[in-house]
Amino acid sequence: MEFNKLELLIIRALKLNTNSNKKNSFYNKFLNLRNKVLNIQKNSLDQPSDAPSNNKKRNLDQPDNPNQKEPGKARKIIWSFIIIILVLGVLALIILSGFSFSATSLNAASFTENGTSSFKITTNTNQTRTIGGAPSTIYQRDSTLYVIYIENSFSGYYYSAIITDISVSNNTASVGNGSNTTGGSTSNLQKGLQIANLLVDGSGNVYKNKDNNGSTTSGTTTFSLNSNLTSAMKLQGWSSNQSMSLPTSYSFYTAASLVLSILPFILLIGIIYYSMRKMGQAGGGQDNVFSIGKSQAKLAKSTVLFSDVAGIEEEKEELIEIVDYLKRPDRYAAMGARVPKGVILYGPPGTGKTLLAKAVAGEAKVPFFQVSGSAFEDMLVGVGAKRVRDLFNKAVKSAPAIIFIDEIDSVGSKRGKFETTAGSLADQTLNQLLAEMDGFNTKTGVIVMAATNRLDVLDDALLRPGRFDRHIQVNLPDIKERVAILKIHSRNKNISETVDLEDIARRTPGFSGAQLENVLNEATLLAVRRNKKSIYTEELDEAIDRVIAGPAKKTRVISLEEKRQIAFHEAGHAIVGMYTKGSEVVEKITIIPRGQAAGYTLSVPEIQELSIQKKSDLLGMVAGLLGGRASEEINFGKEFISTGAANDLYKATNIVRAMVTQFGMSPNVGLAQYYPSEGTVNPYQSKNFSESTSQLIDKEIERIFKERYEYAYKIIKEHNKEVELIVESLLLLETIVKPQIDFIHKYKQLPKEALEKKKELEEKKKAEDLIRKAKKESEASSKEEKEMDVEKKVQKPSASSTEPTSKPKKAPSKESSSDKKK
């Protein structure tokens with residue numbers, strides 16, 4: 001049992017401060033308490049990622065990071081503040097709207113005294129507005145009274161006027177609806193004879209100081225406003241001859257109206273900003289103008305565990321070790337071990353590279369940032385490098401953490417291949433990635449995982465130790481691994497007990513894990529379509545064919561002659577394969593059209609998943625591919641060969657060219673390799689060998705093709721009887737499988753199913769012939785009866801004579817009379 005320093009200090013204190021009788025009891029209690037704490041820690045580590053109890057608690061074995069902040073906290077605070085401002089703005093709009101009114105809203109208002117230098121206007125809504133400033137002046141033109149006043153506002157004074165018709169009687173100015181009460185069109189007001197100055201003496205009396213004659217008259221003058229009167233208008237200015245322009249309406253400007261004039265712009269800006277943020281979130285942050293330079297990585301939340309991954313046990317163990325290091329780093333630090341800074345997964349598509357990354361995300365109790373390699377680059381220069389920095393900064397704040405870059409070949413390909421501007425810009429992103437992984441500013445506590453299908457195109461600096469220390473190749477599964485994958489994906493499917501998953505795995509060589517999952521899914525859909533409660537071998541066979549060549553096109557109209565030629569073509573593949581050593585075993589032949597293929601032959605290796613292939617195996621594959629064309633030539637002639645061998649010739653050409661230029665299997669060309677690797681192909685670069693060598697390669701390819709075709713032609717010529725039996729079986733059954741093919745090969749006769757189908761068709765043909773014959777006989781008899789009826793009608797009728805009616809016919813009149821007597 002190992003103790004840390006703190007536990008050793010506690011034990012030492014117990015030994016010093018307790019007597020010998022109590023030492024053991026205290027020590028036992030301490031051990032019990034320590035074991036409980038360790039059990040709690042272990043349970044929290046073993047708890048799955050989707051458990052609801054401790055999802056939000058940090059792992060006890062993980063070191064706390066003081067720099068780590070709750071993600072999105074500042075953003076939530078900012079958005080809360082913006083929402084509060086918007087709500088308060090709307091409330092202010094509602095409240096302040098009650099304090100804004102225009103002159104046209106005045107109803108039965110009156111002037112009352114308010115101090116010595118201001119007037120108060122009271123409206124029908126019991127709202128009061130104070131008009132302050134210099135003493136107002138009354139002008140009169142014709143019979144119109146103009147009350148001019150100055151209003152104090154935020155930025156100075158507004159010149160305002162009240163227009164009303166007036167008739168003076170007993171020092172009282174009565175206001176009525178005159179011709180100018182609505183203002184009419186804009187007119188110039190000349191400064192006319194001054195009638196009176198309105199002064200307030202503080203006692204509530206309004207005096208009329210001067211009249212038309214210049215004399216002063218005392219007494220109170222009252223001004224009442226009519227309810228239908230346009231009562232206030234703003235003067236736009238004074239001219240040099242003291243004239244002024246009066247608009248047709250006027251509104252009072254208050255503090256509320258100023259706020260209301262600005263508030264719509266604030267609301268509009270807030271709505272636009274909010275909409276742009278929502279658009280950025282809806283698009284995953286890709287097209288948001290506010291996050292051009294930010295990383296597009298997301299925190300992955302996966303429910304996939306290592307127990308859900310089958311068929312790649314060695315690769316899984318490599319990643320389990322990394323997850324264990326993240327959970328228990330002290331165990332490795334005690335031994336002086338350094339965790340790999342980077343792990344790259346490479347292999348063919350569909351083999352489970354991304355699935356392994358999901359399992360790491362589900363098992364690890366650390367933040368897992370997932371991003372695609374193409375998400376770094378954008379239309380702006382320098383965005384890629386900026387996003388790389390932002391990604392690693394996020395990961396460091398959450399350390400220990402894992403970064404997973406899917407399809408890293410889009411950002412980490414070899415530098416300087418084409419020496420173009422676009423290439424140099426892409427190199428900036430790669431250089432920043434190299435610096436972040438292992439540069440002067442190396443970030444600790446961050447592990448980088450990546451996946452690619454093309455390891456050969458990646459830059460060497462990216463693959464060196466210190467960046468991607470561990471390279472894990474994920475290959476296609478062998479037969480045992482395919483069985484394990486099928487069992488994993490069949491856990492939630494109702495598969496019949498009669499189905500042999502090992503047989504399905506044997507018939508699917510070269511299938512990836514994704515293809516095997518697709519086979520089971522297609523079989524499930526077919527079972528549902530056929531109203532079956534379980535999945536049987538028939539559905540799985542059809543699903544394999546659908547994955548290989550697509551769905552069957554049974555409604556396609558194909559003539560009998562085309563079917564015969566397709567059958568001879570496929571039979572040629574099968575016969576050459578059966579008589580060629582090292583060739584693949586024929587599992588199935590069909591002439592049902594699927595996809596672009598009019599028919600196909602399914603072959604599997606005799607020995608599953610060979611690590612290497614011999615020259616004889618490759619030559620046997622080429623001969624089998626050429627068997628279809630040879631069979632057509634033998635049975636139809638050179639002038640009647642078809643285009644059905646196009647795909648066969650394409651595959652055979654690739655095999656032969658690889659034998660000559662890559663594998664060194666040609667004695668004339670030699671061992672030199674003239675086949676460039678995939679990552680170094682440059683469309684602007686010429687061939688790296690001479691023209692004479694190129695001609696030699698072409699001649700050698702042509703020689704191998706000629707030899708293999710003659711070999712296939714010879715086999716089909718010798719065993720053409722078997723070819724014809726296979727063709728007849730295909731025309732009867734459309735699809736034959738391995739037991740039926742082996743029966744034909746062994747006994748040189750039709751299999752049982754073909755004979756039964758042939759007998760059924762013969763009986764059907766006999767029945768159709770009988771029906772056709774009976775129909776003809778019935779038609780003939782009916783024709784004879786009609787002729788006899790015609791003859792009877794033509795015969796001479798005679799009551800006394802019993803002789804045959806060979807006499808000439810009577811006159812029509814006599815016949816008609818005798819008929820009448822009858």
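The backbone N, Cα and C atoms fix where each Cβ goes, glycine too.
Residues or ranges marked as active site by Swiss-Prot on the basis of sequence analysis: Glu570. Annotation source Swiss-Prot lists ATP binding site at Gly347, Pro348, Pro349, Gly350, Thr351, Gly352, Lys353, Thr354, citing sequence analysis. Feature annotation from Swiss-Prot assigns Zn(2+) binding site to His569, His573, Asp648. Marked as compositional bias 'Polar residues' by Swiss-Prot: 44-54. Here Swiss-Prot flags 796-805 as compositional bias 'Low complexity'. Taken from Swiss-Prot, the feature region 'Disordered' covers 44-71, 758-822. The topological domain 'Cytoplasmic' annotation in Swiss-Prot covers 1-76, 273-822 and rests on sequence analysis. Annotation comment: Swiss-Prot describes 77-97, 252-272 as transmembrane segment.
Features recorded in Swiss-Prot, as mapped to the structure shown.
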{"residue": "Gly347", "record": "ATP binding site", "DSSP (3 states)": "coil"}
{"residue": "Lys353", "record": "ATP binding site", "DSSP (3 states)": "helix"}
{"residue": "His569", "record": "Zn(2+) binding site", "DSSP (3 states)": "helix"}
{"residue": "Asp648", "record": "Zn(2+) binding site", "DSSP (3 states)": "helix"}
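Taking the topological domain 'Cytoplasmic' (1-76) as a whole, pLDDT averages 51 in the prediction.
Once Cβ contacts within 10 Å are tallied over all protein chains shown, the recorded positions Glu570, Asp648 are led by Glu570. The Cα atom of Gly352 (ATP binding site) lies nearest to that of Asp648, taking the recorded positions His569, Glu570, His573, Asp648 as the candidates. Note on proximity: among Gly350, Thr351, Glu570, the recorded positions of the record, the Cα nearest Asp648 (Zn(2+) binding site) is that of Glu570. Within 8 Å of the Cβ centroid of the ATP site, not counting the listed residues Gly347, Pro348, Pro349, Gly350, Thr351, Gly352, Lys353, Thr354, the chain contributes Leu345, Ala451, Asn453, Val474, Ser512, Gly513, Ala514. Here the binding-site residues are Lys353, His569, His573; the one with the fewest Cβ atoms within 10 Å of its Cβ is Lys353. A distance of 39 Å separates the Cα atom of His569 (Zn(2+) binding site) from that of Lys353 (ATP binding site). For the binding-site residues Thr351, Thr354, counting C-beta atoms within 10 A of each C-beta gives the highest total at Thr351. Summary of the Zn(2+) site environment: with the site residues His569, His573, Asp648 set aside, the chain residues having Cβ atoms within 8 Å of the Cβ mean position are Glu570, Gly572, Thr601, Leu625, Leu626, Gly627, Gly628, Arg629, Ser631, Gly644, Ala645. Calculated from their C-alpha atoms, the gap between Gly350 (ATP binding site) and His573 (Zn(2+) binding site) amounts to 29 Å.
Within the group of binding-site residues (Pro348, Gly352), the Cβ with the highest number of other Cβ atoms inside 10 Å belongs to Gly352. Each of the binding-site residues Gly347, Pro349 was scored by the number of other CB atoms within 10 Å of its CB, and the largest score is that of Gly347.
Comparing Thr351 (ATP binding site) with His573 (Zn(2+) binding site), their Cα atoms are 30 Å apart once rounded.
Every protein chain shown contributes to the tally, and the Cβ of Gly350 (ATP binding site) ends up with 19 other Cβ atoms within 10 Å. Counting only the Cα atoms, the space from the residue listed as 'active site' to Thr354 (ATP binding site) is about 38 angstrom.
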